[in-house]
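Peer 1: The structure under discussion is supplied below as structure tokens; questions concerning it will follow.
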Amino acid sequence: MCQFYTCLKNMWFLCEMSKFWAKNTRLNRPVSPHISIYKWSIPMMMSISHRGTGVALSSGISAFALAALVLPESYPYYLDLIHSMTFGPQFLAFSKFALAFPVAYHTFNGIRHLAWDLGKGFKIPEVYRSGYIVVALTVLTSIGLATM
């Protein structure tokens with residue numbers, strides 16, 4: 001009996017989907033809103049970047065935590081190993097910047113999101129202004145941290 005209802009439900013679903021696609025074809029609608037139809041803007045890019053930096057930071061922290069659990073030596077051993085490597089100053093500055101940038105960006109953009117949670121800064125000019133401020137603060141902070 002249960003299979004009968006499942007079969008009816010599937011037939012109904014297929015019928016509705018065929019109506020949906022027939023209507024979209026008749027009206028010459030696109031299959032779905034594709035990313036290529038949107039005009040890229042700073043709020044759009046910042047939203048995508050905020051999610052990306054969040055995933056990258058949490059993945060990096062998880063990887064370091066896992067490495068601390070499974071690697072055979074202790075932390076001072078690996079710190080001495082890194083100090084013993086000879087990297088040029090440009091490589092070290094770039095590495096520091098590459099580590100500082102996602103942390104600074106995610107922090108400043110997170111503060112921006114907290115302001116939005118309070119209901120502040122939703123007008124379009126304010127959204128763009130706060131976006132440019134976040135980018136400027138991120139670059140300045142990252143450069144400052146990289147030079148330390």
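Cβ coordinates are placed from backbone N, Cα and C, and glycine is handled just like the others.
Automated prediction, rather than curation, is the source of TrEMBL annotations.
Since we're looking at a predicted model, the values are computed, not measured.
Among the features that TrEMBL reports, transmembrane segment is placed at 54-71, 91-108, 129-147. As annotated by TrEMBL, heme binding site applies to HIS106.
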Peer 1: Please work out the number of neighbouring Cβ atoms within 10 Å of the Cβ of the residue listed as 'heme binding site', leaving out its own Cβ.
Peer 2: 20
Peer 1: Other than its close neighbours in sequence, what residues sit by the transmembrane segment (54-71), given a CB gap under 8 Å and a spacing of at least six beyond its ends?
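Peer 2: Distant contacts of the transmembrane segment (54-71): 78, 102-103, 106.
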